[in-house]
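Each remark here refers to the structure printed beneath this line.
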Amino acid sequence: MDSDKFIITGGKRLEGSVEISGAKNSALSIMAATLLTKDVCILRNIPHLTDVDTMIAVIRKLGIKVEWKEDNTLYIDSDYFNNYEAPYELVKKMRASILVMGPLLARLNKAKISLPGGCAIGARPVDFHIKGFETLGAQVEVEKGYIKAEVNKLRGGDIYLDFPSLGATENIMMAASLAEGVTKIENAAKDPEVVELGNFLIKMGAKIEGLGTDLIKINGVKKLNGVDYNIIPDRIEAGTYMIAAAITSGDILIEKIDPLLIKPLIVKLEEAGVKIKQEKDFIEVIGPNSINAVDIKTLPYPGFPTDIQPQFMALSCVAKGTSVITETVFENRFAHTGDLIRMGADIKVEGRSAIIKGVKKLSAAPVMASDLRGGAALILAGLVADGTTELSRIYHLDRGYVNLEKKLTALGADIHRVEE
Ligand code: UD1
């Protein structure tokens, strides 16, 4: 329910192990990519999240058959469908709905997608997506809040992205896989989720080179096949539990995660005095008694991820000394600072930077999640605050964390959900 709350009593040291679920952002783009084939696709390790439910609703609305089979497995059958519209009611819930645009243009030569509109972390325009589709030959117009695109036949082209946008790289890569000829995406995003989408498309029969570099080359093919695919673990979920260990002076074994996916956080946590042991598929994080202040700057991958910035800020609030956090990916991703200040943090936001003077203790207060990762920051603050924190609007957290309170409780946290 939208009025559910988390009640968190701080002061518990978190210990034990936690299994990381499938990556939300990888699941969303790969679900969209299944539209590119008439065959059935089987997707495994899909996280049960409300964002995944929204993507299911979007593709069902198009007329596609989607079914949960075993626990985390989705069967998607896009053999026949003829609706090409993603309506406002769904896109406003999740802007990643725009990822069906490329596949729709490739399959039906038409797409009508609601403009996502503003959101808590910035204006987030979709101009790169639009420019990309125009380069591939589509006629695009924005009218009455909708992006309408049409094409006779997608043709390859050269695209330079002003910023290495994850969504635009993915959307263009999907459309280009079925276009005629060669597409080059320069200044492409290098994120693991982009690489995974590329690997998924290659398994379907696409011809793609340069994944994980800033020049991706796609040689269009006539047809793609259905595949059976396993989603990679969620690096942001893993990062959040790593910070939970650090902030509670705890000891958490984070299972089913490749440390390479979250290297920038590992480096910064070590700089802050956190002890980290890593193997091929797990990370153990041992929090010290006191955290050193460190500066971070968010950057496109492989830089420090913007999706971990709010959680890292929670840690900085209780560090020894002053930290500067600079956000370069989104222009307005500091909505969580107001509530951290309500809990006793000393933060000043100046433009794209936040200056955080560490305090000895945070104290519980009623607070509100304003977005997904900002909400995670408030949970982390609640885990170390004196007293009982009441966190509202937790539906934001259900978009991106599987069984959050269950996983935290198993680690020894005092957190429960109040359903209203
Ligand atoms: C994805 C992730 C999100 C993450 C973000 C940055 C998904 C579903 N979401 O979002 O969790 O925070 O990457 O790592 O994968 N931009 C434009 N025009 C565009 C597209 C983007 O100006 O057409 C700007 C954005 O406003 C932002 C920057 O580029 O400032 C990066 O955005 P982008 O990488 O596209 O983020 P998303 O794909 O929306």
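Cβ coordinates are placed from backbone N, Cα and C, and glycine is handled just like the others.
Worth saying up front: this structure is predicted, and the values here are computed from it rather than measured.
Annotated features, as they stand in TrEMBL:
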DOMAIN    9-408  domain 'Enolpyruvate transferase'
BINDING   Lys24, Asn25  phosphoenolpyruvate binding site
BINDING   Arg95, Asp307, Val329  UDP-N-acetyl-alpha-D-glucosamine binding site
MOD_RES   Cys119  2-(S-cysteinyl)pyruvic acid O-phosphothioketal
ACT_SITE  Cys119  active site, proton donor
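Overlay of TrEMBL annotations on the structure.
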| residue | record | CB count, 10 Å |
| --- | --- | --- |
| Lys24 | phosphoenolpyruvate binding site | 26 |
| Asn25 | phosphoenolpyruvate binding site | 26 |
| Arg95 | UDP-N-acetyl-alpha-D-glucosamine binding site | 17 |
| Asp307 | UDP-N-acetyl-alpha-D-glucosamine binding site | 24 |
| Val329 | UDP-N-acetyl-alpha-D-glucosamine binding site | 22 |
CA pair Val329 (UDP-N-acetyl-alpha-D-glucosamine binding site) / Lys24 (phosphoenolpyruvate binding site), Å rounded to integer, equals 19
Averaged over the domain 'Enolpyruvate transferase' (9-408), the pLDDT of the predicted model comes to 96
Cα distance, Lys24 (phosphoenolpyruvate binding site) to Asp307 (UDP-N-acetyl-alpha-D-glucosamine binding site), nearest Å?
12
Do me a favour and check the Cα-Cα span between Lys24 (phosphoenolpyruvate binding site) and Arg95 (UDP-N-acetyl-alpha-D-glucosamine binding site); whole Å is fine.
13
Please list, in sequence order, those binding-site residues from Lys24, Asn25, Asp307 with the Cβ less than 6 Å from ligand 1.
Asn25, Asp307
Whole-number Å distance between the CA of Arg95 (UDP-N-acetyl-alpha-D-glucosamine binding site) and the CA of Asn25 (phosphoenolpyruvate binding site)?
12
Taking DSSP three-state, what's Asp307 (UDP-N-acetyl-alpha-D-glucosamine binding site) in: helix, strand or coil?
helix
